[in-house]
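*Asks:* Below is the structure I would like to discuss, written out as structure tokens.
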Amino acid sequence: MSLLTLREFGVARHQCDVLRNVELTIDSGEMVGIIGPNGAGKTTLMRGALGLLAHRGESSLAAMTPRERGRAVAWMPQAREIAWPVDVETLVMLGRSPHMGLGRRPTKTDHDAVARALDRMDLTGLRSRTATQLSGGEQARVLIARALAQDTPLLMADEPIAGLDPAHQIATMQEFASLASEGRSVVVSLHDLGLAARHCTRLIVVDKGRVVADGTPVDVLTQELIRDTFGISAFVQTTPEGLVVQPMGVVP
Amino acid sequence: MRLAVTLIALVAVLFVAALVTGPADIGPFESLLALIAGGEGPMPLVMREIRLPRALLAVLIGGSLGLAGAAMQGYLRNPLADPGLIGVSGSAAFGAVLAIQTGLAAAFALGLPLAALGGALFGVFAVLVLAGPRGSSLTLILAGIAISALAGAFTSLVLNLAPNPFAANEIVFWMMGSLADRSMTHVWIALPLILAGALMLATLSRGLDALTLGEDAAEAMGISLRRLRLTLIFGTAAVVGASTAVAGAIGFVGLVVPHLLRPFVGSRPGALLWASTLGGAAMLLAADIAVRIILPARDLKLGVVTALVGAPLFLHLIYRTRRDGL
């Protein structure tokens, strides 16, 4: 089942095309990585698809009512904002608000979803701590848990693993992959090509406002593409452990 | 839950205290009896026409300022935000000052509050035009500051051109804010607007909670930011405009009360709305009792007392925030 469809999709800002001619479909069970250099349009692609930016063409998510969209997709923006010193559990519970009626008493389903999300992000021990007093990486995990608690078929996250320690980077990517294996889909932007190669089932490469490649990591992450798009050389090899990509140096 | 009971009890006690406090020498039980039973003579008149409207207005206006302050702080995600920030109180005050200056206030009883409401309406309209229907909270703050500054400048101009010191005096005293000598008519002017505005602001609870995660995340969770912003502006304008029209400019309630109560609701901006409403009502009732007890012979102004109490309280809060290293 298609969770997101973009047709002839583009975003313009100040009469200047930031993103153009994007055609893509995200089906269920996919773990999609969006990669590309800084300023390529990764965030614009995601925010535009969500209907948070004025856009041209069609986006199945942007066409929904705000309430429907809140149940169809969870979005974790790049800016990790926690405005008030609320406790972790309260913050994660915010992810349940698209599911709650106006009476807004959390039901058992809501509490269960929050407990599951906290458990997935290894936060159960921190549940009653004040979110603003946690470290940056812990806050990032709390915000991922918030998005997980929303319990939507599609999860979109903008650089969710930036600033996490290696163990939590890998654990987070594995959690996303396990969501995908449960039949949900995850779309994440990231800069770590090694993690992208290892954990994603599909990679979409964005460069200068266009999608320049879209496919499995093995097909997409060739040395030519890495050189042309990122301007770096890389060690790329398929091993028994899977695809290994290690950036080596900047190509002059 | 315990907080709700405590605050409601506090408001109730202070409301009764406000009813039995005043220059007229009546015992507390006699006065309450006169209020309820009515009848002939000066006592029921004092209770029903002077003290009751005063206490009711303290509850309505204090609640309004507390609620609007909590909503504004929640929307801007800034504990220093104040309901006056969007320029409504400034432009309402200008409308009132104009009414005093032109003699409209003296010509008929409702001239002043109606002119103040007109000023508030004009201020809201100007802020909406300046800030645009979409756009971030930043444009709203900038528009509010611009309108506040402009209204303040016009108010100063009127004072500057006041024909005689008595007119200037009257304007200055009115601007300090007071609940003295208000009648039930003032209650009936303020009540519908405050109720309507408060209902609008009460619907923001969920949106403000979601805004804890930032505008982008809130919008993706199904909150229409555009609608939230319009509701906030109109709701604040209604409650603050009506309050200023009836009582003049009363500062610090909308700033200090939400700040003070925030730790008791776990910092949740939605829950802070009702807590702050009750807290604001309690603070203004207490301040209005203080006005009558401290200097009964001199007409001490309510806005002066709230500022005198509010500013040191605020300093203490800054000290506490610094100590917590936030």
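The backbone N, Cα and C atoms fix where each Cβ goes, and this holds for glycine too.
Found this in TrEMBL, in case it helps:
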- B:52-72: transmembrane segment (TRANSMEM)
- B:84-104: transmembrane segment (TRANSMEM)
- B:110-131: transmembrane segment (TRANSMEM)
- B:138-163: transmembrane segment (TRANSMEM)
- B:183-204: transmembrane segment (TRANSMEM)
- B:230-253: transmembrane segment (TRANSMEM)
- B:273-295: transmembrane segment (TRANSMEM)
- B:302-319: transmembrane segment (TRANSMEM)
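Describe the structural surroundings of these features, if you would.
*Replies:* Within the same chain, residues 72, 76, 111-120, 122-124, 126-127, 140-141, 143-148, 151-152, 154-155, 158-159, 162, 167, 170-171, 174-175, 233, 236-237, 240-241, 243-245, 248-249, 251, 254 sit at least 6 positions outside the transmembrane segment (B:84-104) and bring their C-beta atoms closer than 8 Å to a C-beta of that stretch.
Long-range contacts of the transmembrane segment (B:138-163) within the same chain: residues 76, 84-87, 90-91, 93-94, 97-98, 101, 119, 123, 126-127, 130-132, 171-172, 175, 229, 233, each at least 6 residues beyond the stretch ends and with a Cβ under 8 Å from a Cβ of the stretch.
Through the fold, the transmembrane segment (B:230-253) approaches residues 57, 60-62, 64-69, 71-72, 75, 82-84, 86, 88-89, 92-93, 95-96, 112-114, 116-117, 120-121, 123-124, 127-128, 133, 140, 174-179, 182, 186, 189-190, 193-194, 196-201, 203-204, 280, 283-284, 302-303, 306-307, 309-311, 314 of its own chain, all at least 6 residues removed from its boundaries and within a Cβ separation under 8 Å.
If you look at the transmembrane segment (B:273-295), the same-chain residues 6 or more away from its ends with a CB under 8 A from one of its CBs are 3-4, 7-8, 10-11, 14-15, 17-18, 21-23, 54-55, 58-67, 69-71, 74, 178-180, 198, 201-202, 204-205, 208, 250, 253-254, 256-258, 260-261, 264-265, 301-302, 305-306, 309.
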*Asks:* In the same chain, which residue numbers or ranges, 6 or more beyond the ends of the transmembrane segment (B:110-131), come under 8 angstroms Cβ to Cβ?
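*Replies:* Sequence-distant neighbours of the transmembrane segment (B:110-131): 86-96, 98-100, 104, 139-140, 142-144, 146-147, 151, 174, 185-186, 189-190, 193, 233-234, 237, 240-242, 244-246.
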